[in-house]
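Undergrad: What Swiss-Prot records for 205 is active site, proton acceptor, and it gives similarity to another entry as the kind of evidence. Taken from Swiss-Prot, the feature alpha-D-galactose binding site covers 48, 54, 55, 57, 205, 259, and the record attributes it to similarity to another entry. Under the heading ATP binding site, Swiss-Prot lists 155, 157, 159, 160, 249, 250, 251, citing similarity to another entry as support. Among the features that Swiss-Prot reports, site 'Transition state stabilizer' is placed at 48, with the record citing similarity to another entry.
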């Protein structure tokens, strides 16, 4: 399935006139930035919200996100100049940057100490150039003039960085002659984009951004291969309200104590289980840092009947057994493992430990909470499959109001359980985020949970069309106006609160609609 190309904006599910006005404003700013250049095409990719299944994608367990209407758009001019110039409609926060091109298409060095938005574009340049080489399309990269526009909140947990990287990669490839790329290939090459800026992403964000379809959510699987499978919800008046807590979560700057530390803790937890269960070489070293993964541990435990990712009942049974194993093998050290305790269990020297776990990405910690992290991964993965089972059983029943209400209550409870684990086991929530969830549940939400990396960012709320207004008003009154008394209502409704249907994924847009 290829990334689509559209000649108009009819694929947008939100206000068509508002959308066209946004594109026309982008054209106006592009022409102001580059008066002697014309736009050849647009590339775009949306943000995403994860409905359930956080901090499990990099352990290769399936997740359930959807693409949202908020997206990153880039207007592109292709030329033969030896440079790429990137600009943004928000020039105050994203200043103009020029990236010189060399004959060898190298030199895209990323200064991890300099947190510039150009670093993310360079990530896209690296993966796009690698793909061109892989496809035997190696040649001098085209010069480009680009103006970006994005309405995915930065640091809001809605994958603004993934949307930017995917849109940038798609633009670079299209400019350099790749007019037809599969969704699978675009996902595969962009999954590693943010690794170049030191953020250890797992693949869900990029896959959801690429594979999104209108009115459909996505089951994203990582084994046996990375793929997105669209599906519809059985309740017609179901909707999701996404609220930005306005606590900015900068993954790059906080990664050593948050996101990357979870990756390391889960990797060590997997290796500790390998040792305790005597699994030896049955577990592949396939994590992002070259260690065992918690999915690999489960597959090794059930080596003769590995879960294929499709049979929901088998997956549920195996995950329940893995939760019991975690309770048996790791529960005796809930306060956390010291490095010395890890060395003893893993039979490693300090230098070997540092080389294996602490070299790939910087982390800071006092103790490593292996029990909590492993338990979260297996319980959260179980909830994803329980949601799938709920979807499959509801879709085969009648569509009465009682059935709809039953589905909403059950799915909401799974989301609430997820939030509890994210708070207590993964420790990626905080008091203010918990407060938002509590307020929402009192004002029409069936289930509310943080989404994305956490530690700030956004909350996703399950509700219905007839309750969404009450929910939004309750959050404005009891959270936003108390925490941010000077904030304007129109700013909230435009930037902090999104009521989004599942939306179209990555695509190219021609300039025909401008004619």
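Using N, Cα and C of the backbone, Cβ positions are placed for all residues, glycine too.
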Undergrad: Considering Cα atoms only, can you say which of 48, 54, 55, 57, 160 is the nearest neighbour of the residue listed as 'active site, proton acceptor' among these binding-site residues?
TA: 48
Undergrad: Can you tell which of the binding-site residues (48, 55) has the fewest other C-beta atoms within 10 angstroms of its C-beta?
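TA: Per-residue Cβ counts within 10 Å for the binding-site residues 48, 55 bottom out at 55.
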Undergrad: 54, 157, 205: which of these recorded positions has the sparsest Cβ neighbourhood within 10 Å?
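TA: Fewest other Cβ atoms within 10 Å, among the recorded positions 54, 157, 205, is found for 54.
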Undergrad: Binding-site residues 54, 55, 57: which have a Cα within 10 Å of residue 157 (ATP binding site)?
TA: none
Undergrad: Please find which two of 48, 54, 55, 57, 205, 259 have the most distant C-alpha atoms, given that the record lists them as binding alpha-D-galactose, and give only that distance in angstrom, rounded to a whole number.
TA: 18
Undergrad: Between residue 259 (alpha-D-galactose binding site) and residue 159 (ATP binding site), how many Å separate their Cα atoms?
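TA: Here the two Cα atoms lie 14 Å apart.
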Undergrad: State the Cα to Cα distance, in Å, between residue 57 (alpha-D-galactose binding site) and residue 159 (ATP binding site), rounded to an integer.
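TA: Each residue's Cα considered, residue 57 (alpha-D-galactose binding site) and residue 159 (ATP binding site) end up 14 Å apart.
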Undergrad: Please report the number of other Cβ atoms within 10 Å of the Cβ of residue 57 (alpha-D-galactose binding site).
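TA: Taking every protein chain into account, the count is 24.
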Undergrad: Nearest by CA distance to residue 159 (ATP binding site): which of the binding-site residues is it, out of 48, 54, 55?
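TA: For residue 159 (ATP binding site), the closest Cα among 48, 54, 55 is found at 48.
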Undergrad: With residue 160 (ATP binding site) as the reference Cα, tell me which of the binding-site residues 48, 54, 55 is the closest one.
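TA: Looking at Cα distances from residue 160 (ATP binding site), the smallest one goes to 48.
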Undergrad: Highest Cβ count within 10 Å among the binding-site residues 159, 160: which residue is it?
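TA: Highest number of other Cβ atoms within 10 Å: 159.
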